[in-house]
Amino acid sequence: MTSLGWVVVVPVKPAAHGKSRLAGLLTDDDRADLVRAMALDTIAAARSTVGVRRVVVVTADDPLRRALVAASDEAEAPIDVVDEPDPSPDPLNAALRAGAAAGRRLEPDAAVAALLGDLPRLRADDLAEALHAAAPHLGAFVADAQGTGTTLLAVAPGAELDPRFGAGSARAHAAAGNVELDVPRTSTLRHDVDVPDDLRAAQELATGPRTTAWLARAAAVGPLG
Ligand SMILES: Nc1nc2c(ncn2[C@@H]2O[C@H](COP(=O)(O)OP(=O)(O)OP(=O)(O)O)[C@@H](O)[C@H]2O)c(=O)[nH]1
Ligand SMILES: C=C(OP(=O)(O)O)C(=O)O
């Protein structure tokens, strides 16, 4: 497959409901701020990745939408915000399908990748490397550091994105015929933040600027102090 560039679709749950597995550690406000900080860092990394033509964010979170408008910068790939689709029993995958459809309308000849929005360590060169590795395949994915989840699912131009995110998604994406990409275990693309230990680990490592600022505040006055 010769890719003419990528549309990257990033889903972000409304921050008030996001990262519920951190609810025991953080106040609701701190958790909402963290969800937005991680999403903005993930989106910024995607926008600055070589080969990314456009980033489509699927969210109903108004403060995040406003922050994305404020962050618009013509030097990087443009951002489009797509509304959450109608309520679904499988809202994350429904959001990704809606984002992929919007991306196809905007860039009909592009390849499409779904990228989770909780990757605060993501570096553009790691995403570029994974997209490059995905390009020859009809469908390909990157598993998370544990090997059970998925952080990136990529399809060729014209192929339909069939996301199966959720518990055990790496196995589900492989069973659906997607090729597991052999990106390094240490790639920043593999490290999502789900549980308190992920957040503690992130304190020791390089994160994007908004998550770094959140972590510094939390270390000084908050739950991580
Ligand atoms: N637009 C949208 N994004 C979602 C939805 N559910 C999850 N996401 C996003 O998908 C990514 C991975 O989701 P999870 O790791 O399950 O994150 P989460 O749902 O915030 O975390 P938990 O509440 O702890 O399960 C994150 O970027 C979420 O914001 C959804 O229903 N709609
Ligand atoms: C939705 C997923 O992520 P998490 O395990 O972070 O909830 C997934 O890996 O498919």
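Along the chain as shown, the residues are counted starting at 1.
A Cβ is built for glycine as well, from the same backbone N, Cα and C atoms used for every other residue.
Just so you know, TrEMBL annotations are computer predictions that nobody has curated.
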Listed co-binder of phosphoenolpyruvate (same site as G166, S169, source TrEMBL) among T150, T186 = T150
Remark   = Not counting T150, G166, S169, residues with a CB within 8 A of the CB centroid of the phosphoenolpyruvate site are G149, P163, R164, F165, A167, G168, A170, A172, H173
Ask   = So of T150, G166, S169, which of the binding-site residues has the fewest other Cβ atoms within 10 Å around its own Cβ?
value = G166
Request  = Give the three-state DSSP assignment (helix, strand or coil) for S169 (phosphoenolpyruvate binding site).
outcome  = helix
